[in-house]
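Peer 1: One structure is given below, represented as structure tokens, and several questions about it will come after.
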Amino acid sequence: MTRHLTLCFILLVMLIDKSEACFCDHYPWTHWSSCSKSCNSGTQSRQRQVVVNDYYWKNLCDKLCIKQETRECNLQTCPINCVLGDYGTWSDCDPCTEKQVKVKSVLRPSQFGGQPCTEPLVTFQPCVPSKLCKIEETNCKNKFLCDSGRCIPSKLECNGENDCGDNSDERNCGRTKPVCTRIYTPIPSVQLMGTGFHFLAGEPRGEVLDNSFTGGICKLVKTSRASNPYRVSANLENVNFEVQTIEDDLKTEFYKNLISFEKNKNEDSLSVDERTKFFPIPIFHFSEKNEHSHYSSAFNKVIKASHKKDSSFIRIHKLIKVLNFTMKATDLQLSDVFLKALVHLPLEYNSAVYSRIFDDFGTHYFTSGSLGGKYDLIYQFSRQELQNSGLTEEEAQNCVQYETKKLKFLYMEIHKEDTCTKNKLSEKYGGSFLQGSEKSISLVQGGRSQQAAALAWEKGTSGPEENVYSEWLESVKENPAVVDYKLAPITDLVRNIPCAVTKRNNLRRALQEYAAKFDPCQCAPCPNNGRPRLSGTECLCVCQSGTYGENCERRSPGYKSDAVDGNWGCWSSWSACNAAYRRSRTRECNNPAPQRGGQSCGGKDQQEEDCTVSIMENVGQPCINDDEEMKEVDLAEPEAESGCSQPPLPENAFTWNEKKLYSVGEEVEISCLTGFTAVGFQYLRCLPDRTWSQGDVECQRTSCLKPVVQDVLTISPFQRVYQIGESIELTCPRGFVVAGPSRYTCKEDSWTPPISNSLTCEQAILTKSKDLCPPGQKQSGSKCICMSPEEDCSAYSEDLCIFDGGSSQYFTSSACKFLAGKCLNNTQSHFVHSGSCQEGLQLEWGLERLKLAVNSTKRVSCGYNTCYDWENCSAHTSNCVCLLPPQCSKDENQLYCVKIGSSMREKTVNICTLGAVRCANIKVEILNPGRCPD
């Protein structure tokens, strides 16, 4: 066989040698065909316009010429539009702000250039409070009660200082006892040390500590530059103005991509102890108050700049410190505004209300740090130009540092670096290595914003002037920032207020839910192994080295990897609390899963934590104060000389007055948790041999507790406990459906079918293609054709109540089957209402409406429905909305003689008025078509 192939090849070469070589361009190409996809990498092709003649055969053009070519097109990823859920209920009225709030959640952030969400996530309205705006504190017996409600030590009364904040401690004072011999100025910018810090956004928020409070102590600190000492706040453990700034501590780092930059920046943001104490979430995230989110918005600029070109980055930074400070570990004085916000938190958990604490005051507070500034620039370079320069990564860093010093930003002595002026990149830009960068972006902290922004520059400009750095340095003294800090959770400050333990636990729960809103697990995977980052309601892609583009969809010539690293999906909801008072949640490495040799996700796929379970039906949150919180582990273990230890209990059981040790002969009663009842003999007795008498008792289920589901799902009916045989329905916002069964029944063992912790909403099959084809249709090639109710409607879509005109029966159908049937000209099926068919006023009016619609002169399609004479179609909800009777026209088409209301007097109305009156649930009796007799 091989011999024959060799002979054929030799003959072909001989023939080509004897003939003229085919000039393939003699046959022109057609235009490229249209792309097979509008996004997500389609293909297009073209063909040669071949003319088969003697030249074609003589010169073997059929063998030598490529007749068809294909290429990729529309590489950009399909846009994903932002989707918001509905607003929740209004919160209770805040007595201090006289406002109430409601919020909506982001069901899906925008990505890949999709439409952003423009509606506000939070809305307020004025209200009339039922409480006074006062501070209530516990244990105020031996203290002075301020008019505001705050308690202060009695020794602070009449000392000439406003310790209450409202000066009520200085009224009606015959004599004052000054604390200090004269008035001293507080430490400059001391209030900055008391601000909260939003860890997720990387920025300061509202004041949580009252650092103007001195606590009746005249503690002073002096700086070497000032002749007069400063008064120290009672919240401060230590203040030190003797800060040495090392002139030559300018640092640089090289980053091949922003993924490694972000990871390094996050690890630098917290101390080691704090990182293990708090959740590991990046600080570069969107803040709702984005007008103050300088650091977050600046990093987003860096990300978007990296999309323009395959880039590498060099960061240069330096700390400037004015003073160091350390807060006291306990007995911190809270600011009035923060204390009032804590006091007026509701006892019952409300995610929206508790989350406002983090929006207004941040998630952490400063335990130590420095006042000053941070010179911090990141330079973007073309990766290709940097490689062609001939410099190593270390040499490139040295050149950035050398030229920064040379330009007299920092007025340091420098050593001449020939490699920085005589490399290919610098020579291309007149001997300047920095001029060869694409741009620099300011991540500067402290100082006036105008001077901080002037430190950065764009390619093609002359760059910052020599005096810019010195001007910024001077402005740092007037406008310092907290730098080089350590943090503690803001929940640690919730002390010495009514129900402190309850509110502290609620805040910790809210913080977990709040942090989940910043988790990029909600984003779709980015092309070419990019890492998604959630910025408000938009997902951005951070590109790997060698890739770029708006969504990292473009590759540099040297990028050959097809590996896809795994990324975590979102955490499931927490499981119910088990008998060991533990609950758990899981996540999967599927966003995306590792492919083609990619790395798996780092970290654990399961979490566990302590939890509490109510042994009785929950009738409200208990108020637990700090001094009431005592755990069994704090109690001394008794000496077990005689008697019985705790008895073994059946599942879902407990005992009243539980003890560590029971006397011989003592009995205990077995009780069951809410939703269970005891079957058998419920009493156990401690025997002389220190064992328990065997009792045949078990806890059998009599009801089911409300299941724990994700926030996006709505449970109907909403109850705390459901009896065996009762059912619930799970629903989603409009345009979304439950990604699984929507109806569940309480059975003897549990909910049937089992309710998954990861159950959520997904886009309805009808909504997915609505931009391409009308509802009930699907795309086939370039055309839209009707869906098949049997073949195309297997995926879940919302339930509708439908009336079949042929059989005069109503039934529940999926929206997909209903719309597919309408497309196939099934005129017998009519929409009654959304949701399953259930007896009641909604079903009665829906059926009566269809009877009345037979004579309607108006038929306007509106979502699933058709609007008639007495209705208008709402463009916002795609529902038919009834007119008010006065809004109906006075035409005399389709008249009816009716009796309306309790008076039941006869009246002639048209079909619009009749429908509007019935829609308003007003009693109407139709006497006959046409006018009433005179």
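Just so you know, glycine gets a Cβ as well, placed from its N, Cα and C.
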Peer 1: Going by the disulfide annotation in Swiss-Prot, which one of CYS35, CYS39, CYS96, CYS117 is bonded to CYS73?
Peer 2: CYS35
Peer 1: Among CYS8, CYS22, CYS24, which cysteine does Swiss-Prot link to CYS61 through a disulfide?
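Peer 2: Disulfide partner per Swiss-Prot record: CYS22.
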Peer 1: Of the ranges 80-93, 402-415, 808-821, 906-919, which one does Swiss-Prot flag as transmembrane segment?
Peer 2: 402-415
Peer 1: From the candidates CYS146, CYS151, CYS158, select the one that Swiss-Prot records as forming a disulfide bond with CYS173.
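Peer 2: So the cysteine that Swiss-Prot bonds to CYS173 would be CYS158.
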Peer 1: Pick from CYS732, CYS793, CYS801: which one does Swiss-Prot say forms the disulfide with CYS761?
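Peer 2: Cross-referencing Swiss-Prot, the cysteine bonded to CYS761 turns out to be CYS732.
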Peer 1: Which residues of the same chain, at least 6 past either end of the domain 'EGF-like' (523-553), have a Cβ under 8 Å from a Cβ in it?
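Peer 2: For the domain 'EGF-like' (523-553), the far contacts come to 75-77, 80, 82, 84, 106, 109-113, 116-117, 121, 256-259, 262, 282, 284-286, 288, 290, 296, 300, 303-304, 306-312, 383, 559, 561, 563-565, 567, 591-592, 598.
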Peer 1: Which one, from the disulfide-bonded residues CYS644, CYS882, has the smallest tally of other C-beta atoms lying within 10 Å of its C-beta?
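Peer 2: If we count Cβ atoms within 10 Å for the disulfide-bonded residues CYS644, CYS882, the smallest count is at CYS882.
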Peer 1: Would you mind splitting the domain 'EGF-like' (523-553) into helix, strand and coil residue counts from DSSP?
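Peer 2: Summed by class, the stretch gives 3 helix, 12 strand, 16 coil.
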Peer 1: Please report the distance from the Cα of CYS61 (disulfide bond) to the Cα of ASN324 (N-linked glycosylation site), rounded to the nearest angstrom.
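Peer 2: Given the Cα positions, CYS61 (disulfide bond) is 82 Å from ASN324 (N-linked glycosylation site).
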Peer 1: Tell me the Cα distance separating CYS22 (disulfide bond) from CYS686 (disulfide bond), rounded to the nearest angstrom.
Peer 2: 105
Peer 1: Looking only at C-alpha atoms, tell me how far CYS919 (disulfide bond) is from CYS932 (disulfide bond), rounded to the nearest Å.
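Peer 2: About 22 Å separate the Cα atoms of these two residues.
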Peer 1: Taking Cα atoms as reference points, rank the recorded positions CYS704, ASN825, CYS867, CYS932 by distance from CYS897 (disulfide bond) and give the first.
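Peer 2: Considering only the listed recorded positions, the nearest one is CYS932.
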Peer 1: Quick one, of the disulfide-bonded residues CYS867, CYS873, CYS919, which Cβ has the fewest other Cβ within 10 Å?
Peer 2: CYS873
Peer 1: For CYS897 (disulfide bond), just count the other CB atoms lying within 10 A of its CB, please.
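Peer 2: Excluding its own Cβ, CYS897 (disulfide bond) sees 17 Cβ atoms within 10 Å.
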Peer 1: Whole-number Å distance between the CA of CYS746 (disulfide bond) and the CA of CYS570 (disulfide bond)?
Peer 2: 28
